């Protein structure tokens, strides 16, 4: 009997496979990092072949370490870094170029041009997104214009576009032999190419980027009536298992946090931070710099929408302290170092490495460390880095409250940085509300498992999922309103220093 569901979480810095039981408890996992390719200033790439090799390895290893086989799995769910753009040949299976990662800013001039001639307003209305380097449409246009042979092959139906979910599912289902080219509504809603009302590729939006429709995958529900496809005997699982769930990573975290009612919200702390608010079946367009996006679609039901505040650089700022500055040797050391000081010593770090996302959407911004004096140490910079994560989240919370008219009383959190207890305390202090972490912090992988399990009847309904959610830790504010306001004012001043950092 199949008593487990597997989940593939293809993230920005690593790929992991996790296996869950009926209670939503992790019974096994394996995780591998992949290389971050930085060929030029502002460019961020991944090797698609390396991503697929990592996916194969973590899936196979997760089964081996748990002593399970394909027959023990009821379904597989996939979740992924959104917006990251891949193009490959359907006959050879080879990518035409490296994947252009969501953080990449090479398309800044494409994005700026969309706003100058009025196309940006149409994109906002139809796709719910502002023209920005973040989203897939401009990245795909760049590949079509700059990589030899792609446009010709795309027009002939030989070149396939996809976000990482499409690439992983295509390979899992047989690749050049029998690969299924598909995506779900949540990933498609991050491209600037899908109409939020029709849930289909929009011809007018495609024309803005000169994208041939035939290279795009069909769009399906996140938890479809029929599986996307099946793994193969020759694949990493060694047998046929239905692939029955597909969600962009932040939408998967919403499902994993069981934020299934309008008004429920979560904040995921990963490479970036992503705060989503469930708005139900209502399409809510933001007046405060947030995105309108598909939250999920289960079966034949209507889609559920969300408002999202996307922050480009949070966890990757800690990674920068490790990899570029060398002041820590591991991410966990950021907490120990930051605890050596009581405050930031007047230092603010605005990590606008990819410009500023919500609520500013300023691709001209660049990172800055301000307020330095000879008094300051590495510990102050580590503290300022953790504060930057939390101040950026506060800006998004304020925008969300303004759009929804609802005061946030509790913030559900998940993701790797929630292991940093000091960072979570700073978050409670900067917001002035309780911050709550569930027992299963890896809610992205859990959400993909839930979507797949619901599709095949492994879990009956949303109530089954709610029964699985349990609180693990809670942080409450420990500072005065006056001190909270003073710190935030310093942050806002620092942000202004980052603007107009480059010409676009």
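Cβ atoms are placed via backbone N, Cα and C, with glycine included.
Look at Swiss-Prot and you will find 12, 16, 271, 315, 416, 420 tagged as ADP binding site. Taken residue by residue with DSSP, residue 16 (ADP binding site) is part of a strand. Long-range C-beta contacts of residue 16 (ADP binding site), restricted to its own chain and to partners at least six residues apart, with a cutoff below 8 Å, comprise 8, 9, 29, 30, 31, 32, 58, 442, 445.
Summarising the environment of residue 319 (ATP binding site), the number of other Cβ atoms within 10 Å of its Cβ, over all protein chains shown, is 18. The annotation ATP binding site is assigned in Swiss-Prot to 12, 13, 14, 271, 315, 319, 416.
Positions annotated as sn-glycerol 3-phosphate binding site by Swiss-Prot, on the basis of sequence analysis: 12, 82, 83, 134, 249. Taking Cβ-Cβ distances under 8 Å and a sequence separation of 6 or more, the neighbours of residue 82 (sn-glycerol 3-phosphate binding site) in its chain are 102, 163, 186, 187, 190, 248, 249, 250.
In the three-state DSSP classification, residue 250 (glycerol binding site) falls within a helix. Marked as glycerol binding site by Swiss-Prot on the basis of sequence analysis: 82, 83, 134, 249, 250.
Long-range Cβ contacts of residue 83 (sn-glycerol 3-phosphate binding site) within its own chain (separation 6+, distance under 8 Å): 102, 134, 135, 136, 139, 163, 190, 191. Each of the binding-site residues 12, 14, 250, 420 was assessed for Cβ neighbours inside 10 Å, and the highest tally belongs to 250. Residues listed for sn-glycerol 3-phosphate, 12, 82, 83, 134, 249, cover a largest CA to CA span of 15 Å. Excluding 82, 83, 134, 249, 250, which define the glycerol site, the same chain contributes 81, 84, 102, 190, 248, 274, 310 within 8 Å (Cβ to the Cβ centroid), listed in sequence order. Looking only at the binding-site residues 13, 271, the densest Cβ neighbourhood within 10 Å occurs at 271. Counting only same-chain residues at least 6 apart in sequence, those with a Cβ under 8 Å from the Cβ of residue 416 (ADP binding site) are 269, 270, 315, 331, 441. Close to residue 319 (ATP binding site), meaning Cα to Cα within 10 A, are the following binding-site residues out of 12, 271, 420: 271. Neighbours of residue 249 (sn-glycerol 3-phosphate binding site), defined as other CB atoms within 10 A of its CB across all chains, total 28.
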